[in-house]
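Everything below concerns the one structure shown next.
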Amino acid sequence: MQRHAIILAAGKGTRMKSKKYKVLHEVAGKPMVEHVLNNVKQAGVDQIVTIIGHGAESVKDTLGNQSLYSFQDKQLGTAHAVKMAHEHLADKEGTTLVVCGDTPLITYQTLQSLIEHHESTQSHVTVLSASTINPYGYGRIIRNHNGILERIVEEKDANDSERAIKEISSGIFAFNNRVLFEKLEQVKNDNAQGEYYLPDVLSLILKDGGKAEVYCTEDFDEIIGVNDRLMLSEAEKALQQRINRYHMENGVTIIDPSSTFIGTDVKIGIDTTIEPGVRIGGHTTIEEDVWIGQYSEINNSTIHSNANIKQSVINDSIVGENXXVGPFAQLRPGSNLGSEVKVGNFVEVKKADIKDGAKVSHLSYIGDAEIGERTNIGCGSITVNYDGANKFKTIVGKDAFIGCNTNLIAPVTVGNHTLIAAGSTITDNIPEDSLALARARQVNKEGYLKK
């Protein structure tokens, strides 16, 4: 059976009080609508249509070709929004999932179960529900005395007894696609808001003797719709708890989960320890037995086994096995550290390959460079890679010793097994097995200050 999905992402989100459109606000480092789309895809949907309106181009830029798009010029309610997908789906067979783009906590497992329940019961519509102590703001699930679904009533249209009901509609539905688009033509806007409500499709199906089901999720957090900054922070907290719990259940020690922020695409090996205040995002892979010290930040990087990261920032880089970074080091994009490499305190590395066993222990800048195996870069040494217009490369061979406070003026090559005296400014290539000195000779004038 064909499976389709419609993601509702046309709203501006005025309660956010933001220049950014609502569904593009991030949770765990990713726009809410992207979380939704990823989970819809994993649920086994063949085709996705995203309804866009406010911020249409920004939403399309975010989701790219992972979705088809339909434009809703005026936001006249959820049924009106779904109707906009007519051009792509009206003649299709199968099941259509409708999900809101501001529900970043929904999981693909729940969506999958909803679809399977809908199809196995041969229903025309199935609504995803949940129960909560505080149902304010949500549509209520109205059942008859036999527990059979009768209708969904919106908060603003509910009477006092209906508002007391704790089971609420998530706003997520599975429909028989043909029935959905047939009934959308019959929906009217005679309600308190003057809008076309998607739950009215359910009422029309029931009125004509169709079959409607409810699938209830036990985790209310999954269906949280984010409408303001407070709810955004609640969604962030809930998703971080879920992510951190997953990693801890799979062998990772997180000393203080409440202050640790890990993205959804991060992979972490067993027996890795993460101290408080750490942020790990993007497509980062951390292997086994890694120690990540407090307040470190790692993005889109690979950290190999037994590495030790202390209070450092790492972006788009690779750290080899048994390497040590920090404290207070920065690896900028393109940094590649081999095994047993040490990058110490207040060292900045950018677009550089530092080979196995090399050391850059303190107060240095290594940019656009290649540092050979077991080479030692002394304190305060820098690669001078920029002339104001272009970047140039520095190559240092293996087993070299670069004295403290050395300036390597690129482009320059330092051979294997060389020694550069402290305080030198190197402008020419150095052959291997050489000693290089490039500094003024010291002159002492005794008694000068007694004059």
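Indices start at 1 and increase along the chain as displayed.
Quick reminder: no glycine exception, Cβ is built from N, Cα and C everywhere.
When the candidates ARG374, ARG439 are compared with the acetyl-CoA site entry in Swiss-Prot, which names ASN385, TYR386, ALA422, the shared residue is ARG439. Note on proximity: of the recorded positions LEU8, ASP102, GLY139, ASN227, HIS362, the one nearest ARG439 (acetyl-CoA binding site) is HIS362, by Cα distance.
Counting neighbouring Cβ atoms within 10 Å of each of the binding-site residues (LYS22, ASP102, LYS350, ASN385, ALA422), the lowest count belongs to ALA422. Summarised as a single figure, the pLDDT of the region 'Linker' (230-250) averages 97. Broken down with DSSP, the region 'Linker' (230-250) shows 20 helix, 0 strand, 1 coil. Cα to Cα, ASN227 (UDP-N-acetyl-alpha-D-glucosamine binding site) and ASP102 (Mg(2+) binding site) are separated by 8 Å. In this structure, of the binding-site residues GLY77, GLY139, the smallest number of CB atoms within 10 A of the CB marks GLY77. According to its DSSP assignment, LYS22 (UDP-N-acetyl-alpha-D-glucosamine binding site) is helical.
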